[in-house]
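According to Swiss-Prot, the feature FAD binding site maps to Arg6, Asp18, Lys25, Asp228, Tyr265. Among the features that Swiss-Prot reports, site '4-hydroxy-2-nonenal adduction' is placed at His125. The NAD(+) binding site annotation in Swiss-Prot covers Lys129, Gly188, Tyr265. Here Swiss-Prot flags Lys129, Gly188, Tyr265 as NADP(+) binding site. Per Swiss-Prot, the feature 6-hydroxy-FAD binding site maps to Asp228; the stated evidence is sequence analysis. Residues or ranges marked as transmembrane segment in Swiss-Prot (evidence: sequence analysis): 281-301.
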Amino acid sequence: MLVSDRDKLEDKALIPLDNIFHNGKGTLVQASVTSVEKEKTGGFVVLDNGEKLPFYVLVVATGSKWSGPVDFPSKPEDVTKWISEQRKKFKDAKNIVIAGGGSVGLELSGEIKDIWPEKSVTIVHSQKKLLNSVYPDKFRDRAAQAYRPRTKLVLDDQIPGELTPGATSVTTRNGKTITADLIVPAWGNKPNTALLSSLKDVLSPNGCVKIRDTFQTQAYPDIFALGDIIDVNEQKQAGKAQAHAGMVAANVLSYVQGQPLKQKYKGSYELIVITNGKNDGVGYFGVWWGIVIGGWLASLLKAKDLMLPATRVATGASK
């Protein structure tokens, strides 16, 4: 969607939230939470418009903050302009350097090469293998095998900063000069938890929320957290957040009814499918001996529709 207007993905990926509540039983407030004011029981969330909303139970699912093209503006009216600006950058560039060889950087490179095979794309990654050490070497090697035919890989190296305006190349930390007229940051996400910074003993040093196995924060039993922001040793993915949500909902109901919280989170196995354009990709399922897939199967699972129909249904929108 950010690379080109092919397939008009914005028509499917930008999902309205007017049907988010089942049977319409809920109120949607479109605003940003700037802080949380805690009282002995419950408290208030403070909005950027100055309004305060009281809560008896608070669930925080604010997700991640990103850099680069996926750092979307907060105001809906600015998103379309942002998308157009990013597309122009990719269209005009001839030599693209992606800083980061995780799933975002890999999928971005595949999309670029699908649309513009003639463009030069280089991924610079700080580790000796693509992705990270959560995944076994056999999967990381398979990823390199899949992407190397179309994309240059510079491993165990880093891009020290942004491209100087008018520059035609960038020099890596190890002194390698790479021709570039566009550098795209793709080095991962950070938890979007600034709104909780005023509360004591809620955040870990890494900015994630310290939780119990019931998803309650360690400091406050009436504040729950889930998704990318929790301090749990697992890869941050939308699929995991969906699994968290069902458990949190059950525990919140138990909490307000004064019942024991029975849903206890013990983590999950790692699963990832990474597209390499529309017709290729790689995947890993962390069950049994660790299953690695590639090619047509990875494409079938994700590349054709990016799982957007399922996401739309889950948020109350039509396919």
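Cβ coordinates are placed from backbone N, Cα and C, and glycine is handled just like the others.
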Per-residue Cβ crowding (10 Å cut-off), top of recorded positions Arg6, Lys25, His125, Lys129: His125
Maximum Cα-Cα separation in Å among residues Lys129, Gly188, Tyr265, which the record lists as binding NADP(+): 31
Cβ neighbour count within 10 Å of Gly188 (NAD(+) binding site): 15
Surrounding CB atoms that lie within 10 Å of the CB of Tyr265 (FAD binding site), all protein chains: 20
Neighbour count (Cβ, 10 Å) for Asp228 (FAD binding site): 24
Euclidean distance between Cα atoms of Tyr265 (FAD binding site) and Gly188 (NAD(+) binding site), Å: 25
Euclidean distance between Cα atoms of His125 (site '4-hydroxy-2-nonenal adduction') and Arg6 (FAD binding site), Å: 28
Rounded to the nearest Å - Cα separation of His125 (site '4-hydroxy-2-nonenal adduction') and Lys25 (FAD binding site): 46
Nonlocal neighbours by CB distance (under 8 Å) for Asp18 (FAD binding site), same chain, sequence gap 6 or more: Leu28, Gly316
